[in-house]
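Listed features, source Swiss-Prot:
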BINDING   18, 61, 98, 99, 133, 134  S-adenosyl-L-homocysteine binding site
BINDING   172, 258, 260, 261  Mg(2+) binding site
SITE      148  site 'Involved in substrate discrimination'
SITE      220  site 'Involved in substrate discrimination'
SITE      264  site 'Involved in substrate discrimination'
SITE      312  site 'Involved in substrate discrimination'
SITE      327  site 'Involved in substrate discrimination'
């Protein structure tokens, strides 16, 4: 099965669903709303208010409430600017994109009562689902004015290439992501894959976004130059330990562990900046990295803290993990993961690093 068929957040509205476990993403989205508000204001300063409709896309939208916040913010800012400029009311067309396996049913069920259908709305809003990979083309040329994406662009199209020796041996044995014990070739392979995929993303958007159009991208990243620092490896490192314990119990085939590498990469600011500048289609209007404590760290009881952390981790890791190791082992795996997290959190409480990036499409 290809990554694009297995990469999605846990579905439904149960305890381990993404819809119920995306509070941190909501926090990040809320914190970065002033940046999105400023992006909308900038569009109006470039005469985008003369249009009949503003076309916006939320890429990698998943099925949590963050999308509702994004749409509401764009609508509110459009209404504010239309009143200030005394211009005709624009309509808002929003495209919600994610891979076909995404839980669009839960997304649109929540959307209908929160964003659309308001009889008193100043800016009419029309929402369309667009299943597909954002690493390729999704929209017609010069059709988008604003693109938003939160916690999606760091996912890769595939596990990095070149992680097997000429003799067929796994080069990242016993690990599922970059680790302190990983050889340099593993780090190089991950960066190379991110470079390739992010470049594809930029190339596709460069054709779809109108000149002077804007993109607001938020992704997991790191402040350190070392990709094996715990700020970016914590969850994957502990999951690898949990999987290895099940291997030792004969519940998982060791070869499945040795040949699995997570299709995700948390880049540094310098790496992101370098790729954008090399691409040459967009200017960087704003870029910063910031750290936040995981919300589970506010819990005093270590078991409650560990269980909540594991539940959130399961929401975004289970689909890709179960695709490799089997659905039948998931409850046991995440139970083991919870125990490991509880013992590890007493010594390490890593902050979560995010990168926010505002890009403008170059004219000409």
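The backbone N, Cα and C atoms fix where each Cβ goes, and this holds for glycine too.
Swiss-Prot feature annotations superimposed on the structure.
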{"residue": "61", "record": "S-adenosyl-L-homocysteine binding site", "CB count, 10 Å": "26"}
{"residue": "98", "record": "S-adenosyl-L-homocysteine binding site", "CB count, 10 Å": "26"}
{"residue": "99", "record": "S-adenosyl-L-homocysteine binding site", "CB count, 10 Å": "20"}
{"residue": "133", "record": "S-adenosyl-L-homocysteine binding site", "CB count, 10 Å": "23"}
{"residue": "148", "record": "site 'Involved in substrate discrimination'", "CB count, 10 Å": "28"}
{"residue": "220", "record": "site 'Involved in substrate discrimination'", "CB count, 10 Å": "20"}
{"residue": "258", "record": "Mg(2+) binding site", "CB count, 10 Å": "19"}
{"residue": "260", "record": "Mg(2+) binding site", "CB count, 10 Å": "22"}
{"residue": "264", "record": "site 'Involved in substrate discrimination'", "CB count, 10 Å": "22"}
{"residue": "327", "record": "site 'Involved in substrate discrimination'", "CB count, 10 Å": "11"}
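Annotation for residue 134 (S-adenosyl-L-homocysteine binding site): same-chain Cβ neighbours under 8 Å, separated by at least 6 residues, are 59, 60, 97, 149, 152, 153, 201, 204. According to DSSP, residue 312 (site 'Involved in substrate discrimination') is assigned to a helical segment.
Under the three-state DSSP scheme, residue 327 (site 'Involved in substrate discrimination') falls in the helix class. Each residue contributes its Cα atom, and for residue 98 (S-adenosyl-L-homocysteine binding site) and residue 148 (site 'Involved in substrate discrimination') those atoms are 12 Å apart. For the pair formed by residue 61 (S-adenosyl-L-homocysteine binding site) and residue 148 (site 'Involved in substrate discrimination'), distance between Cα atoms is given as 9 Å, rounded to the nearest Å. According to DSSP, residue 258 (Mg(2+) binding site) is assigned to a helical segment.
Counting in whole angstrom, residue 99 (S-adenosyl-L-homocysteine binding site) lies 15 from residue 264 (site 'Involved in substrate discrimination') by their C-alpha atoms.
Cβ proximity to the Mg(2+) site centre (mean Cβ of 172, 258, 260, 261, cutoff 8 Å) flags the following additional same-chain residues: 159, 163, 170, 173, 175, 176, 257, 259.
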